[in-house]
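Student: If you scroll down you'll find the structure; I have some questions about it.
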Amino acid sequence: MGCCNAFSWVECIISVFYPSRLQRQQVTMRMRLKLKTVFVMYFMVSFLGLIYALMQLGGQRCDCSDQELSKDQQIAQLKGELQKTQEHIKTSELNKKTDIPRIYVITPTYARLVQKAELTRLSHTFLHVPQLHWIVVEDAPDPTQLVSDFLSASGLSFTHLHKLTPVDRKLQENDPSWLKPRGAEQRNEGLRWLREMGAAAKGKEVAALEEAVVYFADDDNTYSLQLFEEMRYTYRVSVWPVGLVGGMKFERPVVEDGKVVRFHTGWRPNRPFAMDMAGFAVSLRSVLTNPEALFDGNAQMGFLESSFLQHLVTIDDLEPKADLCSKVLVWHTRTEKPKMKREDALQKQGLGSDPDVEV
Amino acid sequence: MPKRRDILAIVLIVLPWTLLITVWHQNAIAPLLAIRKDDGTETRHETGVATDSKEYCSQDKDIVEVVRTEYVYTRPPPWSDVLPTIHVITPTYSRPVQKAELTRLANTFLHVPNLHWILVEDSQRRTPLVTRLLREMGLNYTHLNVETPRNYKLRGDTRDPRIPRGTMQRNLALRWLRETFNSNSSQAGIVYFADDDNTYSLELFEEMRSTRKVSVWPVAFVGGLRYESPKVNAAGKVYGWKTVFDPHRPFAIDMAGFAINLRLILFKPQAYFKLRGVKGGYQESSLLRELVTLNDLEPKAANCTKILVWHTRTEKPVLVNEGKKGFTDPNVEI
């Protein structure tokens, strides 16, 4: 057993099993060869493994957080990040979803101090809604610069229209807001545009229009995002509660056995459709197949909605949404008119604020 | 000879393994960058993919809630490791339009990357309405509350300019920031006070992100004017205030017209809004004069010539038809 000193222990074991020297030599030779190949293979494998590990490490981003980036580099990096995130917002993945019905939102608007602010925060809500097309109708003889610039920068899919309200129907400066129905001409203009588009549509577009929905959204209300998903699948006319309207916390249609039976409102509940403009959506199909359905600008106070809806549907056919009209997803908020006493005083002195600065 | 061969063999065996082990060990020290799985193809009805938990714990567990970042419907924009965080402090109180105001404010905030919303309620306990709203929105938020003692609250609905509203709530948020972030941390942050009824453009948040100390810009519909703005000279420095109402205040600016770098807040831990004895319109000055001088102000919004924030106010809804007993179902949340 002294061989263990001269050679590897493998050969020790061989010598135990193969006592004859020749056999031992042969076996040892074979074993050595085998051992050699084993060694070589093993070496190759571990070498390849090492290369792989090194490549893995090299392929990762190095941990540069400890290094001091120069100021310019930082600024460039931040700008790049900003660009990326802005792109992310604008070219939103929302518009890639073409298999859901489109929502056409008609918003009448008119020039006043808070107009830009109202449209801004409204656009922030709409930017979250996929397949939304915003139809903004100005109460003006021509499209204004403010609204045009705003819409182009908003990142939304839009149509910019305008229609001036006749003087006798227009609210005067000091009239209370409920005196005359507002926005009727503008909404009708929006409907006219939709009907025009519907008539001119061809091919695949016709199918898309079949499923689309029309909603009338005033620029001072507040809309939750769930509302748009509730209204998206409307066959004729769908309805839901509206908060902070009619002198109450909320108004709503009363639903029994899945059908609307009457309207829960504190003011004139016997109207054909005792609802606010924000409380219903109509399918584009209904609008296109009923070309005579328009808002009556001469309607009595509170009957504007009814003047339009009675052409389209009866109370039995209304589709209740928002959990059978038990949740409030839209609020009829109104914005205060900003106090301009000091501005007016300055203007009289000729020292008013720079009119070039758009507010 | 055999000994050398043996040694060679041993070296050849052992060497690759030691190298491998060293490589992987190094790997373990420098952790792999966190991969946020923001699946852009998700449909609306699936809940958030990536849930990143950042736990901000403080000694006073009564006032701090765990901050979670949840991505629902792939909003808000993915969190960037490079952009400074904007900490928006909003005091709020219960009234009929509260949910509406917070909803549309959140709809705006959901577009802003790296925004952390600190909502402080003026109430004895955190209300379920706000708790639920924050959870559903998907924003990165912290929900605090502190009740303003009755003698400091507004009497009824008349606006008494001598009693500043929201002061205690803003101070609580400042205290929370100081307890959560220590001045040695490298986390870049900007602090902005946003009231729940104002209107903010998205550009505003990008303007304030580069604040080094305190940045300022014009605000529309304040002080009885179309807008109030700082006066900026040709060198790009603020030297005065273009206002009619007391332009000689140290900082004649509205709460929505400035933003402060978080480092400055942490560096001056004694700076708070003054609660008592503050004249109308001086609340902003009571904080800013402890932080910065006029010379250090950074004008934004194209040298204070663009309007990026509007001080809108929402009308109080007339609830005459509710009557004494209440006409509508009180269980329905508005």
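Along the chain as shown, the residues are counted starting at 1.
Cβ coordinates are placed from backbone N, Cα and C, and glycine is handled just like the others.
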Student: If TrEMBL says B:Pro91, B:Thr92, B:Tyr93, B:Arg165, B:Arg170, B:Asp195, B:Asp196, B:Asp197, B:His311, B:Thr312, B:Arg313 bind UDP-alpha-D-glucuronate, which of B:Asp6, B:Asp122, B:Asp246 does it name for the same site?
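Tutor: That UDP-alpha-D-glucuronate site, as TrEMBL gives it, pairs B:Pro91, B:Thr92, B:Tyr93, B:Arg165, B:Arg170, B:Asp195, B:Asp196, B:Asp197, B:His311, B:Thr312, B:Arg313 with B:Asp122.
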Student: Is it possible to get the count of other C-beta atoms within 10 angstroms of the C-beta of B:Asp195 (UDP-alpha-D-glucuronate binding site)?
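Tutor: I count 21 other Cβ atoms within 10 Å of it.
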Student: Among the recorded positions B:Asp197, B:Glu228, B:Glu284, point out the residue whose Cβ has the most other Cβ atoms within 10 Å, with all shown protein chains included in the count.
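Tutor: Per the Cβ count within 10 Å, the most buried is B:Glu228.
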Student: Below 8 Å Cβ to Cβ and six or more residues apart, same chain only. Which residues does that give for B:Pro91 (UDP-alpha-D-glucuronate binding site)?
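Tutor: Non-local contacts for B:Pro91 (UDP-alpha-D-glucuronate binding site): B:Val120, B:Glu121, B:Asp122, B:Arg165, B:Gly166, B:Gln169, B:Arg170, B:Asp195, B:Asp196.
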Student: Of the recorded positions B:Tyr93, B:Glu228, B:Asn303, B:Thr312, B:Asn321, which one has its Cα closest to the Cα of B:Glu284 (active site, proton donor/acceptor)?
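Tutor: Considering only the listed recorded positions, the nearest one is B:Glu228.
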Student: Taking only same-chain residues 6+ apart in sequence, whose CB is under 8 Å from that of B:Tyr93 (UDP-alpha-D-glucuronate binding site), what do you get?
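Tutor: In sequence order, the residues whose Cβ lies under 8 Å from that of B:Tyr93 (UDP-alpha-D-glucuronate binding site) (at least 6 apart) are B:Glu121, B:Asp122, B:Ser123.
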Student: Among the recorded positions B:Asn303, B:Thr312, B:Asn321, point out the residue whose Cβ has the most other Cβ atoms within 10 Å, with all shown protein chains included in the count.
Tutor: B:Thr312
Student: Using B:Asn303 (N-linked glycosylation site) as the reference point, find which of the recorded positions B:Asp197, B:Glu228, B:Thr312, B:Asn321 has the shortest Cα-to-Cα distance to it.
Tutor: B:Glu228
